[in-house]
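**Student:** Attaching a single structure in structure tokens format; questions to follow.
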Amino acid sequence: MASNRTFTMIKPDAFEAGNSGAILKMIEEAGFKIVAMKATQLTQEMAGKFYEVHKERPFYADLCKYMSSGPIIAAILEKDNAVEDFRALIGATNPANAAEGTIRKIFAKSIEANAVHGSDSDENAAIEGNFYFSQFERVI
Ligand code: ATP
Ligand code: MG
């Protein structure tokens, strides 16, 4: 059975551009409930840990620099079929390929600075939520 939670970040480009509110509005209007949320900033080392699965990819070093370049918002979201539905809401990794009306189509600046993160599986949603939030911060 699909889990009902996913994890998201509003990435530095969208936070810096002042688009966090508009993005959170789209997330809520799509039926997701925010069950944990904070504004924070990653160190390069923490960004490296978060995206460790990509460590062999050519864009990894740049990605870690970019993800630690400014504040982000991290949140755990709840909805039926959360992981899949959220990936549909954010659109393709490269905004040039993202469907009309998706968050990345509207707000992303490039394939790297692509406005939001969305977990790609139930397992990773749980791992990523635990990366940012202690059990004491997840009381909802
Ligand atoms: P995310 O995991 O952030 O939700 P995603 O699952 O759509 O994005 P991944 O393949 O997991 O895409 O890549 C992680 C992130 O690495 C992307 O969101 C983007 O910021 C960056 N990235 C991916 N591919 C490239 C690329 N070819 N060039 C530069 N950056 C990239
Ligand atoms: Mg991914």
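Keep in mind that glycine also has a Cβ here, set from the backbone N, Cα and C atoms.
OK, TrEMBL features for this one:
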ACT_SITE  HIS117  active site, pros-phosphohistidine intermediate
BINDING   LYS11, PHE59, ARG87, THR93, ARG104, ASN114  ATP binding site
DOMAIN    3-140  domain 'Nucleoside diphosphate kinase-like'
**Student:** Where does ARG104 (ATP binding site) sit by DSSP, helix, strand or coil?
**Tutor:** helix
**Student:** Given the residue listed as 'active site, pros-phosphohistidine intermediate' and PHE59 (ATP binding site), what distance in Å do their CA atoms have, once rounded to a whole number?
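**Tutor:** Between the Cα atoms of the residue listed as 'active site, pros-phosphohistidine intermediate' and PHE59 (ATP binding site), the distance comes to 16 Å.
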**Student:** Where ligand 1 binds, which of the binding-site residues LYS11, PHE59, ARG87, THR93, ARG104 are close by, with Cβ under 6 Å?
**Tutor:** PHE59, THR93
**Student:** Which entry in the list of binding-site residues, ARG87, ARG104, has its Cβ near the fewest other Cβ atoms, using 10 Å as the limit?
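**Tutor:** So among ARG87, ARG104, the binding-site residues given, the one with the fewest Cβ atoms within 10 Å is ARG87.
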**Student:** If you average per-residue pLDDT over the domain 'Nucleoside diphosphate kinase-like' (3-140), what number do you get?
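**Tutor:** Across the residues of the domain 'Nucleoside diphosphate kinase-like' (3-140) the model's pLDDT averages 96 on the 0 to 100 scale.
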**Student:** Based on DSSP, name the secondary structure state of LYS11 (ATP binding site): helix, strand or coil.
**Tutor:** coil
**Student:** So among the binding-site residues THR93, ASN114, who's got the most Cβ atoms within 10 Å?
**Tutor:** ASN114
